Amino acid sequence: AALREGYERFDPRAYLRNNYLPPRADFSSEEFVVPWKLRCLAETFASGEIRGRTLIDVGSGPTIYQLLSACDHFEEIVATDYLAVNREELGRWARGEPGAFDWSPFIQHVCKIEGRGEPWQDKERRLRERLRRILPIDVHRPEPLGAPLRPPADALLSAFCLEAVSPDRAAFVRALAHVGNLLRPGGHALLLGALGESFYLAGPARLPVVPLEESDVREALAAAGFALRELRSSVM
Ligand code: SAH
């Protein structure tokens, strides 16, 4: 209940400003977290192993950076978030409406690191075309979308969501198992997140985060029925 109340004050524009504009969105060095995240995603999808019809992104928030490398490998991307304000912010970007957040520095950077010489506008167009559904979700429900995803997702992505909406480690494990139900057997899950974080800010909202250690994540994945293929971390 306390978490839900916190999220009622979540301000998407303030969240975007804190995390996805300078100084945090600094592309000048791979030491910074934003280019690090984008590099991890680009390298992971470059293998070509993670692909299929549908990719579901859990707790998309107001952001699309996490989908830029992914979108080349799926016919449809399903974005999700608990908050209507975030789904509306995403919808504004997907429809190219005025006032939408400007993700072009991210798109340009991803095209650069992918190294295929693709014009960034082509990637932007492709993601907009494939981002067909933006659905409400609650990872604390065994059926997070309220109904099964049919057909189930071929891959699942989730960035900075599960630890940021779980009051404790047990809730984190349960949430992981719930979202795992959206994925087809043998499908891949790509999780990005923070270790050792206790809170973050989004305007007037101060959101608690369950501080996790690497071992907690390993144990949670095993408990939720996932086999861990690779774990990378970077110290901020
Ligand atoms: N993926 C984005 C946003 C992460 S912030 C990024 O990488 O920046 C965490 C997100 O979790 C917020 O958008 C918030 O609205 C969402 N959220 C809050 N409660 C949730 C719940 N119960 N189930 C799913 N998502 C939730």
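Placement of Cβ uses the backbone N, Cα and C atoms for every residue, glycine included.
Fair warning: this is a prediction, and the values are worked out from it, not measured in the lab.
Now, the feature entries from TrEMBL:
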BINDING   TYR15, TYR20, GLY59, SER60, TYR65, ASP81, ASN86, ASP138, VAL139  S-adenosyl-L-methionine binding site
Which number gives the other C-beta atoms within 10 angstroms of the C-beta of VAL139 (S-adenosyl-L-methionine binding site), all protein chains shown included?
24
Spatial neighbours of GLY59 (S-adenosyl-L-methionine binding site) that are distant in sequence (at least 6 apart) but have CB under 8 A:
THR80, ASP81, TYR82, ILE137, VAL139, SER158, ALA159, PHE160, CYS161, LEU162, ALA164, VAL165
Recorded S-adenosyl-L-methionine binding residues, TYR15, TYR20, GLY59, SER60, TYR65, ASP81, ASN86, ASP138, VAL139 - maximal Cα separation rounded to whole Å:
24
Only counting partners 6 or more residues apart, tell me which same-chain residues put their Cβ under 8 Å from the Cβ of TYR65 (S-adenosyl-L-methionine binding site).
TYR20, VAL34, LYS37, LEU38, TRP103, PHE106, VAL110
Close-lying binding-site residues around ligand 1 among TYR15, GLY59, TYR65, ASN86, where CB distance stays under 6 Å:
GLY59, ASN86
What same-chain residues, at least 6 away in sequence, bring their CB to under 8 Å of the CB of TYR15 (S-adenosyl-L-methionine binding site)?
GLY61, PRO62, ALA202, GLY203
For TYR65 (S-adenosyl-L-methionine binding site), which of the three DSSP-derived states applies: helix, strand, or coil?
helix
Return the residues near ASN86 (S-adenosyl-L-methionine binding site) by Cβ distance under 8 Å, restricted to its own chain and a separation of at least 6 in sequence.
PHE10, PRO12, SER60, GLY61, PRO62
